[in-house]
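Asks: Sharing a structure here in structure tokens format.
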Amino acid sequence: MSDQKVFARYKANEIVTDLQHFGVKKFKSNITRRKNALRKIIANLVLGNYGEMSVLFSELLKFWQIEDDLEVKRICHEYIRVIGALKPQQAREALPFIMDDFKSRDEKLQIMALRTLVLVPVKELSDQAFDCIISLVNHKSPPEQVTRTAIYALLDLDEIDHERVLGLSSILHDIVKAQSSSPEVIVAALHTLYSIHEKNANMEPFRIPLELAFDMLELLPELNEWNKATVLEVLTTSVVPQHYLDTHEMIELALPYLQQVNTYVVLNSLKFIMYLLNYVDVIKETLAEKLSNSVIALLDKPPELQFLVLRNVILLLLSRESSLLRLDISYFFIEYNDPIYIKDTKLECLYLLANKETLPRILEELEQYATDIDIQMSRKSVRAIGNLAVKLDEDSVHDCVAVLLDLLEFGVDYVVQEIISVFRNILRKYPNNFKANVTELVKHTEVVQEPESKNAMIWIITQYSDVIPNYLELFRVFSSNMFSETLEVQFSILNSAIKFFIRSPTKETEELCMDLLKGCIDHENNPDLRDKTLMYWRLLSLTKTSRISNAITFESLKSVLDGELPLIEMNTKLDPTVLEELELNIGTIVSIYLKPVSHIFRLNKTKLLPQSPILNPNKDLLPVVGNSFPPTGANRDRQNSESQSSTKSRKTAMMDDYDKPAEKINQLKGKRKSSSNNPSKLSRKPSTLLRKLSMKRPFS
């Protein structure tokens, strides 16, 4: 039966015809028809047809009694999970059948039954779930998958009865500390304890002893990819180093997982290492290279993962005054087939990586993007050039302005408008450096059509009227159509007219000013514009009437309405507290938004660095050295000697991948050759083949 026929709303009596009371033999001979009817029930539950489907409860119980088919059992359990929350009495009636499945020898049935007990919010089922979990974790040799399910089920039961779950937490602690269970069960217990602490705001942050942290790190080779990532995530903020030597050893144990193919493992390893770097005295140069190479390797992932990585690159670039990552800017050059969200994020990375040395190559790229056929990309590239001019020092701004003036000659309307918009910010930062270019900008007065570019052009004409001979003529291009403009442009026109009159109270400026004031009062209905107009009118009337005791002079009025503007600055720094919290959430959705957790998930706990005698108050002062770390493990008495011997045996394991190509073993690619060394623009951007040919071993 097709999905289209299954996923349709049915009446209960329509499905009952397929579930009529036949004998057991009749049921056995009509399996397909019976299963299709059951599938229709689940499909209607998905569609929200609860009222009709709840009528079929008694029919479903009869199937439950006689059927051994796993799919039928799965449908029955799914039915109870959905209907049980709406009809608690039906869930109670189904409890004996659920327990029969739990007591069976089939692990899959046991897991189904346990999940049903946990997910139905009925007291009788929850009590039975607690009893089942206790019996499983206390059993001498329970099935591994069932035990894992039971441990993870405590997270759902925690929302129902937190105090009762806390009573079982000691059992989970024993599982983790004993290290006698299977690795998957140990990880499940560790993650459950961590999640319970994270979900409850009134509980202290989860902490584990240092020795247990080393045991978990040494257990990583035995785990699958997802469990590796889970352990690394839990260890972040849970283990608090007390000595530099311990920190360096944990970093060494976590470093190999930067080379994993699984992105989740790499990001959690990166997060764990970045966390530990808050508790070191020095940073090794090779560590910075390995971190950089792992990030570079992640840039070859699919676009969705690449976007996550790029957002985390922005976070890491913001984390220190001098970035720890050694990233060549060519990795962030935009490709024609990049999605728009990748292009935007790469532009942000280029902006953060820009300095005096990299600026020429970045400007060369941005100039090409600005002439691209993609209008949105072209605009953002021009905006990026303008932002770089404001961000960098005075020596670099001339290069940015030269590129903008070249693009101005390009003559495309949207490019010209964007250039005028960004030039306003440049003139705000350097008011006296580019007066000679103002006359070139105002030649394009007729081109500007968008509110932002109109505002920018009006501001430029007003601010530099002393170097524009026909400034009033240019201004009338905008003022003549004032009442058809947007509100923000109307404000700009009104402000500029007042400034012209205050600076030069001639008959021409007075007429212009009075016409606009009267027009705003007589023809405009916007209360904000009318209020501002009346305020200006009142101020001007006070300057003209000397008989009034509170009259003010033109000079006083000029200081209020036409004062000197402060220089603007581009601030790319985040609040240190917010930055600290974001670093502890690398690889999560918080790192995409670059906002505190509380702004995105209201109920989540804020992560902070645990206090320690070796916690660095200012990581910008950490030296990056080329010499090796102190010998790991020296002068440290490990409590578990068996763990030491197992670690040594793992380190001396024979290599079993000698017959595989090197590129299959090491998935990371090396630093791409710089494209700016070749003056030819045709071969300036490296192709995919060139990238592969320029690969080298990143961790050598």
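In case you wondered, yes, glycine gets a Cβ from its N, Cα and C as well.
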Asks: From the set Thr506, Thr652, Thr688, which residue is assigned the annotation phosphothreonine by Swiss-Prot?
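Replies: Per Swiss-Prot, the residue annotated as phosphothreonine is Thr652.
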Asks: Would you mind telling me which one of Ser649, Ser680, Ser687 Swiss-Prot calls phosphoserine?
Replies: Ser649
Asks: Which residue does Swiss-Prot record as phosphoserine, given the choices Ser546, Ser645, Ser683?
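Replies: Ser683, according to Swiss-Prot.
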